[in-house]
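What Swiss-Prot says about this one:
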type: DOMAIN; residues: 1-63; note: domain 'LCN-type CS-alpha/beta'
type: DISULFID; residues: 11-62; note: disulfide bond
type: DISULFID; residues: 15-36; note: disulfide bond
type: DISULFID; residues: 22-43; note: disulfide bond
type: DISULFID; residues: 26-45; note: disulfide bond
type: MOD_RES; residues: 63; note: glycine amide
């Protein structure tokens, strides 16, 4: 699945520019790849395993 990975507080993982950081973060979660979605200033992962939680507007717990 694809989506925004979360940190321990349930927030999207922030990024500013460049994809290397997000690609590394996503691959640690067993995704196929990741990039920095600049408009949202957050990492976005593609090809995540189904059991990895991703950020969802409906269940957002980020302060």
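Glycine too: its Cβ is placed from the backbone N, Cα and C atoms.
Among the disulfide-bonded residues 11, 36, 62, the ones whose Cα sits within 10 Å of the Cα of residue 22 (disulfide bond) are 36. Applying DSSP to the domain 'LCN-type CS-alpha/beta' (1-63) sorts its residues as follows: 12 helix, 16 strand, 35 coil. Ranked by Cα separation from residue 15 (disulfide bond), the disulfide-bonded residues 26, 43, 45, 62 are led by 43. Annotation: 26, 36 are the disulfide-bonded residues among 11, 26, 36, 62 whose CA atoms are within 10 angstroms of the CA of residue 43 (disulfide bond). Here is what falls inside 10 Å of the CA of residue 45 (disulfide bond) among the disulfide-bonded residues 11, 36, 62: 36.
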